[in-house]
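Right, I'll just put the structure down here and ask away after.
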Amino acid sequence: MWVLINLLILMIMVLISVAFLTLLERKILGYIQDRKGPNKIMLFGMFQPFSDALKLLSKEWFFFNYSNLFIYSPMLMFFLSLVMWILYPWFGFMYYIEFSILFMLLVLGLSVYPVLFVGWISNCNYAILGSMRLVSTMISFEINLFFLVFSLMMMVESFSFNEFFFFQNNIKFAILLYPLYLMMFTSMLIELNRTPFDLIEGESELVSGFNIEYHSSMFVLIFLSEYMNIMFMSVILSLMFYGFKYWSIKFILIYLFHICLIIWIRGILPRIRYDKLMNMCWTEMLMLVMIYLMYLYFMKEFLCI
C-alpha cells in the first residue's frame, strides 16, 4: 500500500512539473527573442500553464463511431511516458531495480507504436507523413542509442542505474567519455523529437505533424507525454554521465542545465533537413559509435579499467 501511495505522489509531482517546465520554456524562449514571455496571470505568470490546461480541457471533444484506436493511442503514449518514471527512486523504495536500463530501452522501443497509430488512424496525409518520418528516424537512431547505452553498461558492468553512482565517485563519465556524452545528448534530442530534429512536427511542411487531428483532452495527453519524456531523459543523462545522488543539489543543477540546454537549442537552431539527418545517422554517427565501442572494449579488456 505504501508503495502505491508513493507511486501516486510521484506521478502527481511529475505532472505538476510538466506545467512549470512549459512555463520555463516559454520564459527562456521569450528572453531569447527579446520579449518577456508569460507575465500576466497572478504572480509573474506562474499560473499561466494551469490556465492553458483548463482552456484545453474545456474544449469540446467529438466522439466518433468505430474510433477506439483514435482515442486509445494518445492514452497509450501517455501511459508509456508515465511508466518510465517507475525507475525514479522516490523515497528510496525503487532504488535497486536490477534491469532498469533494459526496462528503459524496452519502453523507448514501444513508444514508437502509439505515434504510428496516431498518424495512421487520423486518416490525414500530414499525420501519416509525420508518423512515417518518426518510424524511419527511430529505426535509424535507436541503433545508435542502443550502442551508446551498451558502451556505458560495459563500463559499469551492470544493467542497473544504481551502479553509476558508485562507478563515478572519482571521475565523471562526462569528462572521461566526453565524445560519448555529446553523441548521447544528440541521440536524446532525436529520441525526444526536439529541435533541430523535430521533423515529425515540421510546421512549414506538415502543418502540425502527427497530432494534427487531435484537440482538447487527447492533445493534452500527447503534450504531457512529450514533456515527461524530456524530463525523464534529462534525469537519465544526468545520472549516467555525472553519477550524483538523486537528492543532491549537484544532481538538480545538472538536471536543470540539461533542461535549459534543450530549450536554448530550440531557440537558436534551425530544423535540419531530413536527408542530412539520415546521412548523419548511417554514415557518420553510427561509425563513430562503433569505433568508440571498440575503444572502450580495449580499455576494459587490456587496461583493466
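Glycine is no exception: its Cβ is also placed from the backbone N, Cα and C atoms.
Feature annotation from Swiss-Prot assigns transmembrane segment to 1-21, 75-95, 101-121, 134-154, 173-193, 219-239, 249-269, 285-305.
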Between the transmembrane segment (134-154) and the transmembrane segment (173-193), are there at least three Cβ pairs closer than 8 Å, leaving out pairs fewer than 6 positions apart?
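They do touch: at least three Cβ pairs between the two stretches lie under 8 Å.
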Quickly jot the same-chain residues contacting the transmembrane segment (219-239) by Cβ under 8 Å, restricted to those at least six beyond its ends, or write none.
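Apart from its flanks, the transmembrane segment (219-239) reaches 14-15, 17-18, 21-22, 53, 56-57, 74-75, 77-78, 80-82, 84-85, 88, 104, 111, 118, 161, 164, 184-185, 188, 191-194, 211, 246, 251, 254-255, 258-259, 262.
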How about long-range neighbours of the transmembrane segment (173-193): same chain, 6 or more residues beyond its ends, C-beta under 8 Å?
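For the transmembrane segment (173-193), the list is 108, 134, 137-138, 141-142, 144-145, 148, 151-152, 155, 164, 199-201, 226, 229-230, 233, 237, 240-243, 258, 262, 265, 277, 285, 288-289, 292, 296.
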In the same chain, which residue numbers or ranges, 6 or more beyond the ends of the transmembrane segment (1-21), come under 8 angstroms Cβ to Cβ?
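Same-chain contacts beyond the ends: 49-50, 53, 82, 85-86, 88, 90-91, 93, 224, 227-228, 230-231, 259.
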